[in-house]
Each structure stands twice: as structure tokens, then as C-alpha cells.
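Not my notes, these are from TrEMBL:
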BINDING   LEU14, GLY15, CYS16, GLY17, VAL18, VAL19, GLY20, SER21  NADP(+) binding site
BINDING   LYS109  NADPH binding site
BINDING   GLU194  L-homoserine binding site
ACT_SITE  LYS209  active site, proton donor
DOMAIN    354-428  domain 'ACT'
Amino acid sequence: MTRSESAPLKVALLGCGVVGSQVARQLIEQAEDLRARIGRPLELVGIAVRRLEIERPGIDRALLTDDAFALASRPDVDLVIELLGGIEPARSLILAAIAAGSSVITANKALLAEDGATIYSAAEDAGVDLYYEAAVAGAIPIVRPLRESLVGDEVTAVVGIVNGTTNFILDQMHTEGTDFSTALVQAQQLGLAEADPTADVEGFDAASKAAILASLAFHTRVRLSDVDREGITGVTAADIAAAKERGCVIKLLARCSLSADGSIALGVHPTMVAKAHPLASIPGAYNAIFIESRNAGQLMFMGPGAGGSPTASAVLGDLVTAARNRVRGGLGPGESHYSERGITPAGEISSRYYVSMTVHDEPGVLAAVATSFAEHGVSLQAVRQESQGAEARLGVTTHLAKHHQVIEAIAELDRMPEVHAGISLMRVEGA
Ligand SMILES: NC(=O)c1ccc[n+]([C@@H]2O[C@H](COP(=O)([O-])OP(=O)(O)OC[C@H]3O[C@@H](n4cnc5c(N)ncnc54)[C@H](O)[C@@H]3O)[C@@H](O)[C@H]2O)c1
Ligand SMILES: N[C@@H](CCO)C(=O)O
Ligand code: NA
């Protein structure tokens, strides 16, 4: 064996938070197996941190540096793992690493959904790898299946629960009656939430993941700003109760599919999911993703979508893959965006809806409500009414309708004297 065949591949780690610290530990603990699987040892040569003084059990202090740029730019490094999160300085550090000839592994969905094209093309020009399995649904293999395993098929839809924090919160609200804020603190304590939990609860994190999934599934550049997004901060105890009454649970669903005109319909919304639907039973911080494709049919992926150790598993998988490419020669897949599909305008996206409102309980009201939907081309699938004295709570489930049609019908209902305030709207899946 020549020296170059046995010399270690050098690894630099940027960030030592929830995920980075687990990656560092697993790199050290699994060193022998990783060496056998790659064919050469990995040597962790540095970890960029913000504060050097913090105690980090199991991590050699000598590896720590607060100069992330110097570490990322080292020409002797082979593989750089970016686990800082956020747009800057993560983007500049990744570009510096690529310019220095390193392959990059990242979990940074925010950056990829904002400016993946810049990073992809820099990697392409430099002839290095870019891997990001941990950026979508943590430990679940979903990026590689879309990028490689299903690349010979024609994906038509990707629907899933892709944010662990919000699934945990909604699950606690449903099963324990926990209020939103208490459940959020619990999610933060479990290391599930992003540094700023707004990204989770307002749906930005799920929308970034939806953009990445849609880019891969439909071979088109899709960005966060293309995704019609709504978080879970508006989900009330009354919504949870209404869902239960209808035999549903509320989940934050990311939906990417092809519209009839070939454009991509993309949305992240709290959705009433029928209990019989497989996505309804996904508990806690778990994620699950359904894929529909022309030849394979339906596939489902389920597993831990967040947390230090599970996410580190996906990072290490990418690290081994990129390291193998270095050892054996060759590169993983680059960006595929030849399809250049358009994005369906939010108002044109079709869904089924549950609309509830309080009305006067008197003759003709139900007919007037039904007429308003009909006039806007919205067909009703089911109507429930519960009398509450002189008023009634009316719950209407629609057939597939375009968003703008439902919004226009609701605007008209809002103007009707028979309908009191309190019209609420939620998308429906499978019920
Ligand atoms: N936590 C999860 O469950 C999870 C799951 C999947 C993906 N991710 C992604 O992994 C990445 C890391 O997430 P995390 O949960 O570990 O976040 P974290 O906040 O726990 O860790 C990030 C670390 O980076 C450090 N940092 C920030 N800027 C720095 C700089 N300029 N120089 C040196 N250090 C700096 C911070 O001090 C922090 O310790 C993010 O992109 C996140 O979206 C996280
Ligand atoms: N904050 C994210 C981490 C995984 O990307 C979540 O809750 O799913
Ligand atoms: Na993943």
C-alpha cells in the first residue's frame, strides 16, 4: 500500500451544536468501521465553534477553532461538513471550502432553498461533491432516493410531514391537550427546534424542505419563495376539536405535485388528515414522506426527522459517500434542473377544504351557504350542522377546489347577515 492509499482523508467540521457535536462524537467512536467502509481513515482536523470556552464532553479541545474561514479554506482538507445553519456565513464558508477543493456535506436546508444554485454551480465548476441528506427529514433517506434511486422514474407527487418540531407540538396538543407554548418549549428542550423556532412554527423550515424535494422530484430550480406557506401558530384548540369530531388529526403537510398544465403546485399548510391515512399516525418528532411516481407507484419513507443523533446519521452517510468518491475517483450527481417547470400560482392550487362558520339557525341559511359555494364553482362533499341555541355551527367539506374559488366563496359568506364572524378554513387530506 502506498502512502497516499493509507493517508487519512482530512475532515473539517463547521459548527458544534446539536448536530455538529453528535457528528464529531460519531466520527471518533466509529473511526474503525468508517475506515473499513471508505478504504482510508478519516481524520477530523478541526471544528469551528463560536465560543471556545464551552465544555464539550468527548471532544478534544485542541480541535476547536473560532476561525471558521481559515478552517474551511485549508487546502489540505478533503471534506468540509457545514452544520452552522442560516444563510451567512454558511454560504461564504461553503464557497470557500469548494474553492479550496473540498467536497461539502451540509444539513442547511435554509441555504439550499434560498441559493442552492450558487452552491451547486460552484461545486460543479470545482469538480467536488455536494451532499445534503440531513437537510430534509433528518435521518430519513429521502434526498438520495429522489436524486439517485428514482431518477429513472417520473415522480408526480411528494406529500409529507417534514418538520419534527411542529409534528411534536401538534401531537402533544391532540393527545395530551398541551397548549402550544408548553409543547414548543418541550420541543426545544429535546433539540428538535431550529435556533429560532419561528422557522419551525411558521412553516419556513418545512417550506425550505418542500422546495428542495420539489427541485429533486421535478428537475427544476425551486426556491423557498415559490412555496405557498402557512405555519401552525394559528391552529387553535377549537380546530383540534373540530378535527377530532371529523375523525381527523391536524398535521403540517408539505405538498408538491404537478398541476394539469405541468407546473409545480407547492404548499405547506396545517391540514386535517383522516385518521385512516398513514400520515395521520406519525407521532412526535417523526417525519414521513409519500412519493407517487409513474412506474414505482406509491412509496413511503418514515423515521426520525430531527434531533442530534438521527441527523448525524444522515451526515455520516453523506460523509462516507463523498469520501468513497475521493478514494475511488468520480463524483456524485450534480444539479438536475433541465425541466424548468413553472410554479402554479397559489390561488390556482387545488385542494379539498373544511370550512366552518357560525350561522343563524333558521330556514334557508344552509341553502344560502350552499348557493354561495356553488356560485364560485365549489362543489360540496359533506355538510355537518350542530345547533347551539339560536345559532348553529356549520362545517362544510368541499370536493377539490381551487384556492381562489374557496376564498371568494368565503368572502361572500362573510358579507351575508346570516353568517356570524368566525369562518375558518383548513385543507383536508384523505377524509
Ligand atoms: N437539530 C436538528 O434536529 C436538525 C435536523 C436536520 C437538520 N438540521 C440542520 O443542521 C444545522 C445545524 O443545526 P443544529 O440544530 O445543530 O443548530 P445549533 O444551533 O444547535 O448549532 C449550530 C452551531 O453553530 C455555531 N455557529 C454559528 N455560527 C458560527 C460561526 N460563524 N462560527 C462558528 N460556529 C458558529 C453555533 O454557535 C451553534 O453551536 C442547521 O442547518 C439545521 O437546519 C438540524
Ligand atoms: N427543526 C427541524 C429540524 C430538522 O430539520 C425540525 O423540527 O424538523
Ligand atoms: Na434526510
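Each Cβ is built from the backbone N, Cα and C atoms, and glycine gets one as well.
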Going by Cα-Cα distance, pick out whichever of the recorded positions LYS109, GLU194, LYS209 is nearest to VAL18 (NADP(+) binding site).
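If we rank LYS109, GLU194, LYS209 by Cα distance to VAL18 (NADP(+) binding site), first place goes to GLU194.
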Neighbourhood of the NADP(+) site (LEU14, GLY15, CYS16, GLY17, VAL18, VAL19, GLY20, SER21): other residues with Cβ within 8 Å of the Cβ centroid, in order?
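Not counting the recorded site residues, we get LEU13, GLN22, VAL23, ALA24, LEU83, LEU84.
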Kindly state the mean pLDDT of the domain 'ACT' (354-428) in the predicted structure.
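Mean pLDDT across the domain 'ACT' (354-428) comes out at 92.
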Based on a Cβ-to-ligand 2 distance below 6 Å, what subset of the binding-site residues LEU14, CYS16, VAL18, SER21, GLU194 would you report?
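Near ligand 2, sequence order: GLU194.
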Have a look at the recorded positions LYS109, GLU194, LYS209 and say which one has the shortest Cα distance to SER21 (NADP(+) binding site).
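Of all the candidates listed, GLU194 is nearest in space.
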Taking Cα atoms as reference points, which of the recorded positions GLY17, GLY20, LYS209 is nearest to the residue listed as 'NADPH binding site'?
LYS209
If you count CB neighbours within 10 Å, which one among the binding-site residues GLY15, GLY17, GLY20 has the smallest count?
GLY17
Hey, how far is GLY20 (NADP(+) binding site) from the residue listed as 'L-homoserine binding site', Cα to Cα, in Å?
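One finds 14 Å between the Cα atoms of these residues.
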